[in-house]
Amino acid sequence: MVSICVFLVLSGIVALHNTEHGVFGSPLSAVVTVPNVEPTHPMDNPDWVPPTGPTREKDREYWLQSGQARLRRQLEHNAQRNLKVAKNVIIFLGDGLSIPTLAATRVYMGGEELELSFEAFPHTGLAKTYCINYQVSDSSCTAAAILTGVKNNYGTIGVSGHVPLKNCPLSLEESNRLTSILKYAQEDGRSTGVVTNTRITHATPAVAYAISGARYWEDDTELPPGCVDIAAQLVHGDIGANLTVALGGGSRHFYPVGTVDRNGEPGRRTDGRNLVDEWMNDLAARELRGQFVHDRTELLAVQSEQVDRLFGLFNANHMAYRMLADQQREPSLEEMTLKALEIVQRNERGYVLIVEGGRIDHAHHDNLARLALDETLELHRTVERTMQHLGASEQDTLLLVTADHSHTFTIGGYPVRGNDILSTGDFSRFDRMPFFTLTYANGPSYSDHFYETGGRRNPEDMRDRYHDPDFTYPAAVPYEDETHGGDDVAVFAKGPWSHIFSGLYEQHVIGHGLLYAACLGPDAFERSDACHERLRGVAAEPVQAAGTLLLMMLLVVGYLQTQCS
């Protein structure tokens, strides 16, 4: 009896402690009765009225008609497969663009029923994103899968799984080096470009043109002897030196310590080299017209027909989030992409262009949900404007939109239709507080939403900050940097051979599909009939001309013989 009394007293103390922090329903609540005070869950109110959906959606005819319309569209897509050669390939990589991010962005745009520009593409698939040595991947091993067709180790750039992270000697062995789709495109005479709003030496864009034992070797500050840093490979590397367009951030890796770039940002190189000057000098020696730009005004002023190569660095670090950027100084992802297209489209042989919306990932890492959704919206606009820009050439262009990996970002609770995605959407009966629809499994925002002694902070006290770009969303586990997620990512495709990207597959299959559609890669790889016809067509013209000439000569000889006889 005494022990029971002690237990009840202790329970009361704990309940009182939690109540002081606005928390009700502790693990002891099964024994201790929590006062039934307001607020309560809306459904517990006897006068509660269920929410109602949009008027037109209440009628069954709406769903029957819209379902049949979408079915007809799907049938049309499957009946009209484009089996042409993908003369042009545009790869849009939404870094960290998880499936929940897509769904949340639709609501952020204005409605659950909306769709992003690329979600209307006729063919969709799912890709598995693990590295060969990690269940949850980083951007470098996933970019390798997409751009080289080979999965590899976490953190390595363009090398096989035989190269452990930060191993310089093994990365130098030719047998361990991977070949990017840009290399194959350059060998085929096509133009190539890389556009990103991250540092252009960052993991995803680096895989397009560099080979490195570690994604961290962006300049020479931590570089082991014998290896070449990523920035130097962009300027002098086998692929980098032949890029038609390179646009992004990261100028600090191209300028030496003690100097500043044209935006007044200091350089970090310790070898004293100014790689931008070296880039200009190299092009002059090759008699190519090169132009370097450092802000939006200069980029938009570029006359595409007057340059052979374009290089732009718009920030010392990553480019600013679009919502927070000085939009008069920094170009948008859309503007960089369209300028790149103007230049690469001049090549009649075709082009391969990689466009990364990389700051989706960074916003998620900091639990900044609104910025992540807004950056997704920027990618949506970029794809939309690209399709408008392509015009008739869209039939020869394979457009592929995918993510490298996911995040621990979720949409939860039971918010009513049309609820503000950035707000609270449901209510917990345990602690009698509302909770956010958007949450993270881990990240640096834990202390913003939980007391050190346990229990949640009340979201009602944060209501005036929900829409601030720097407002962090709840993380269940404290972590210095929110982690990636290990779930599958979506793949959206439109154009020649886009139907082969349907289904569920390993992420490296994307790389093989791109090469197949564009007739690129080693001769031993699979080839479509369209590829063979294209190759025969190129070689057939001189043969056909020679045959015609021989026939004419035989006719002349025969005529002369008859005349002489």
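Residue numbers in this text run from 1 along the chain shown.
Every residue gets a Cβ built from N, Cα and C, even glycine.
TrEMBL: automatically predicted annotations, no manual curation.
Listed in TrEMBL:
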SIGNAL    1-15  signal peptide
BINDING   Asp95, Asp361, His365, Asp404, His405, His484  Zn(2+) binding site
BINDING   Asp95, His202, Thr204, Glu356  Mg(2+) binding site
ACT_SITE  Ser139  active site, phosphoserine intermediate
Task: Inter-residue Cα distance where the pair is Ser139 (active site, phosphoserine intermediate) and Thr204 (Mg(2+) binding site), in Å - done: 6
Open item on the list: Checking the contact step here: among the recorded positions Asp95, Ser139, His365, which have a Cα within 10 Å of the Cα of Glu356 (Mg(2+) binding site)?
Closed with: Asp95
TODO: Sequence order is fine: just name those binding-site residues in Asp361, Asp404, His405, His484 with a Cα within 10 angstroms of His202 (Mg(2+) binding site).
DONE: none
Open item on the list: Between the Cα atoms of His484 (Zn(2+) binding site) and Ser139 (active site, phosphoserine intermediate), what distance do you get, rounded to the nearest Å?
Closed with: 9
Open item on the list: Is it possible to get the count of other C-beta atoms within 10 angstroms of the C-beta of His484 (Zn(2+) binding site)?
Closed with: 24
Task: The one of His202, His365, His405 whose CB sees the fewest other CB atoms within 10 Å, among these binding-site residues - done: His365
Task: Residues satisfying Cβ distance under 8 Å from Asp95 (Zn(2+) binding site), sequence separation of at least 6 - done: Ser139, Thr198, Thr204, Glu356, Gly357, Gly358, Arg359, Ile360, Asp361, Ala403, Asp404, His405
TODO: Compute the mean position of the Cβ atoms of Asp95, Asp361, His365, Asp404, His405, His484, which form the recorded Zn(2+) site, and then list in sequence order the other residues of that chain whose Cβ is within 8 Å of it.
DONE: Gly96, Asp138, Ser139, Ile360, His364, Ala403, Ser406, His407
Task: Cβ neighbour count (within 10 Å, all chains shown) around the residue listed as 'active site, phosphoserine intermediate' - done: 27
